[in-house]
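Trainee: TrEMBL lists these features:
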- 106-124: transmembrane segment (TRANSMEM)
- GLY112, ALA114, VAL115, ASN119, SER354, ASN386, LEU452, ASP455, SER456: Na(+) binding site (BINDING)
- 136-157: transmembrane segment (TRANSMEM)
- 178-206: transmembrane segment (TRANSMEM)
- CYS218-CYS227: disulfide bond (DISULFID)
- 269-288: transmembrane segment (TRANSMEM)
- 300-324: transmembrane segment (TRANSMEM)
- 344-368: transmembrane segment (TRANSMEM)
- 380-405: transmembrane segment (TRANSMEM)
- 431-454: transmembrane segment (TRANSMEM)
- 482-507: transmembrane segment (TRANSMEM)
- 513-536: transmembrane segment (TRANSMEM)
Amino acid sequence: MSSFQLRVGQSCCEETTCVIRYPQVSLQLPPLLPLGPVIGPGGTSSSLLLWLTFHSPMPRQDSAVMAGSLTHHGSPNPGYSPNSAVPVPVITQTDSRDKWSKKMDFLLSVVGFAVDLGNVWRFPYICYQNGGGAFLIPYILMAIFGGVPLFYMELALGQYHRTGAISIWKHICPIFKGIGYAICIIALYVSFYYNTIIAWALFYFYSSFSTILPWTNCDNVWNTPDCTNYFGVDNVTWTNSSRSPAEEFYTRNVLEIHKASGLRNVGGVRWQLMLCLFLIFTIVYFSLWKGVKTSGKVVWVTATLPYIVLFILLIRGATLPGAWRGVVFYLKPQWGKLLETSVWVDAAAQIFFSLGPGFGVLLALSSYNPFTNNCYRDAIVTSLVNCLTSFVSGFVIFTVLGYMAEMRKVEVEDVARDKGPSLLFITYPEAIANMMGSTFFAIIFFVMMITLGLDSTFGGLEAIITAVLDEYPDQLSHRRELFVLGLVIVCFLGSLSTLTNGGAYVVKLLEEFGVGCSIIAVGFLEAIAVSWFYGINRFSNDVQAMLGKAPGLFWRVCWVAISPAFLARDVSLCCLNKPVEDLFQLCDDAGLWISL
C-alpha cells in the first residue's frame, strides 16, 4: 500500500498535513487545494473529489469507485466499503493543533465553564421570584427549545471547523466576522469584573482562618453604631438603619465602599484586594499558558471540588432548624405567574447565560476535540449537569435562608431579598458564622466559590486565546506563553478600577451594560448566520460527516426558527426597555442609592 501527503489549506490560508493511504495511488495534489478544515472518515470535501476525478492517474472507473467510497457514510468499518472489495481511503490527521489528553478533560472544562457563580446565586433567586416550582416549567421548555440547541450548535461548529471565534467565519460567512471580534471584546469586559468577585472570595477565604469569624460580632474596628447582632440575643430591635455584622464586614472592611461617593468618585485601590487578584491571575496564567494540556488537568480539581462542597453544604443545611421553611418557599408553585411574560423572559435569559452559548468558549474548547467525537452526546450530558446543578444549588441556599428566618423570627421572604453578590458575601456567610463548626464551613464555602469562578475564567480567556492565535498563526502560534502573559496583564490592569473603594459600582456597571444585552445580540447573529446564511442543510451535512448521521427534524427546526426567535425577543426587550438599575443597594453619602 502506497501513500502520499496531502496539504490541506483552510480557505487557502491555514495549512494542515494529512496522509491518505490508497492502494496503487500516487498523486501530487496542489499545496493549497481548498479542502475545508478537516477531512476525516465519512467526510470528504467536494473539491478533493473533483480534483481526484479529473487528475487521478487511475482508470476512469477506478476514480469513480474511489470517489464513491470517499463519500460513503455509516460503514461499520471506516476502512472498507460494504458493497465493494475496494478499501475506502483512510485519511489520518497529523496537524500540530493541540488536542485534549482525555475525553474527561474536555467534559470537565465545559461543565466548569457552564457551572459558575451564577448557578449558585442567580438561579435560586430567579426561581422563587418567578413562581417557585412553577418556574421550572418555562425553564425546562426554554432549555429544550432554546438553550440546548444553541449549545449543541456551538460544540458542533467548533469541532468541525477546528478554529476559534474569529477565523471560523471565513468558513461560514465572512461578512459576520465582526461577531468574533465582539465575542473577544465582551470576554475582556467579563474578565475585568468577574475575577474581582473571585478576589473577594479569596479575601473571605483568608479571613476565615480564625477561631471566631470576623463577621460574627460587632466588636471590630470597622463596625458602626448601626451594627446589630441578633443571633443568640433576645429582645433585639431591628430598624431600617440596622446593619448585620456580615454586611458591615463586606461593605466596610472588604470593599470599604463608604469611602466612595459613587461612580463619579470611586476612591483609591484597595491593596489587599489587588494582592488577592494578583494571586488569582497567577493561577490563571499557569493553568492556561501551555494550552489544553495544562488546563485539562487543572479542571479535574476546580470542576469536581464544588460538587463535593455543595453536597456537604446540602447535608448541613438540611439539618438546620427551619430548613424546611426555605425549601417550601423555594419550590411552592405559584401557577398564576405562568401567565406573566416576564417569567418566560427570565427563564430564557437564565438558561442562555447559564449554558453560555455566544461567549465563544464552546467553540474554542470543542475545536481541540477529535473530528469524530460525539458532540451531540456531550451537549446533552453537560446541559443536564448544568441545569441539575442550578436546581440543587437552590436547596443549598434556601435551607440556610429558612434557618436564618427561623433565627430572626421573620418570614423567609424578608430574608431572601438579597440577590447577586450580597447573597454570597452577606447572607450565606452570616448564616455560616452562627453554625457549629463555622470555620470549617466558611473555608469550604469560599473554596467552592473560588473554584467555580476559576473554571469560568479559564473558559473565557481560552476563547480569546484560541480566537486570536487561530487568526494570526504565523505571528503568535509559537509564542503562546508570551501572548497569554500579555493577555493576563491586560486583564489585571483593566480590573484595577473594580478594586477601588467604589469598585462594586464598576462591577455592576460592567455586568449590566457591558455583557447583558450584548451577548444576547451576538448569540442571535450567530444563530442567524449559521442557520440562514451558511445554510441549515450544509450545517447538517457537517454534523453528519462527524457523527455519521444527520441531525433530526427537531434540531433543524430549533436552529432555523425557534432558538433565533427566543433570542430576537430578548434583544428587542433590551432595546425597548431602558433599564434603570441600582448599581449597589447600599446607602451612600448622597442618599438612598446610586442609580443610572
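Using the three backbone atoms N, Cα and C, a Cβ is placed for every residue, glycine included.
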Trainee: Please list residues from the chain of CYS218 (disulfide bond) whose Cβ is under 8 angstroms from its Cβ, counting only those at least six apart in sequence.
Mentor: CYS227, THR228, ASN229, PRO245, GLU248
Trainee: For the transmembrane segment (344-368), give me same-chain residues lying six or more residues beyond its boundaries with a C-beta closer than 8 angstroms to one of its C-beta atoms, as numbers and ranges.
Mentor: 97-100, 106, 109-110, 113-114, 118-119, 122-123, 126, 129-130, 135, 138-139, 141-143, 146-148, 150-151, 153-159, 161-165, 168, 180, 183-184, 186-187, 190, 292, 375, 378, 383, 386-387, 390, 459-460, 462-467, 470, 519-520, 522-523, 526, 566-567, 569-570, 573
Trainee: Count the CB pairs under 8 A between the transmembrane segment (482-507) and each of 136-157, 178-206, 300-324, 513-536, then give me the winner.
Mentor: 178-206
Trainee: Give me the stretch from 106-124, 380-405, 431-454, 513-536 with the greatest number of Cβ pairs under 8 Å to the transmembrane segment (269-288).
Mentor: 431-454
Trainee: Quick one: do the transmembrane segment (106-124) and the transmembrane segment (380-405) have at least 3 Cβ pairs under 8 Å, skipping pairs fewer than 6 apart in sequence?
Mentor: yes
Trainee: Give the number of CB atoms, excluding that of CYS227 (disulfide bond) itself, located within 10 Å of its CB.
Mentor: 19
Trainee: So which of 136-157, 300-324, 431-454, 513-536 is most in touch with the transmembrane segment (380-405), counting Cβ pairs under 8 Å?
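Mentor: Of the candidates 136-157, 300-324, 431-454, 513-536, 300-324 scores highest.
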Trainee: Is the transmembrane segment (431-454) packed against any residues at least 6 beyond its ends, judged by a Cβ distance under 8 Å, and which are they?
Mentor: 115-117, 119-120, 194-195, 197-198, 201-202, 204-205, 208-211, 213, 215-216, 231-232, 245-246, 280, 283-284, 287, 301-303, 305-306, 309-310, 312-313, 316, 320, 400-401, 403-404, 407, 424
Trainee: Taking the centroid of the Cβ atoms of GLY112, ALA114, VAL115, ASN119, SER354, ASN386, LEU452, ASP455, SER456 (Na(+) site), which other same-chain residues have Cβ within 8 Å of it?
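Mentor: Output for this site, in sequence order: VAL111, PHE113, ASP116, GLY118, GLY356, THR389.
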Trainee: Using Cβ-Cβ distances, find the residues under 8 Å from LEU452 (Na(+) binding site) that belong to the same chain and are at least 6 apart in sequence, listing them in sequence order.
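Mentor: VAL115, ASP116, LEU117, ASN119, VAL120, PRO306 - these are the non-local Cβ neighbours of LEU452 (Na(+) binding site), listed in sequence order.
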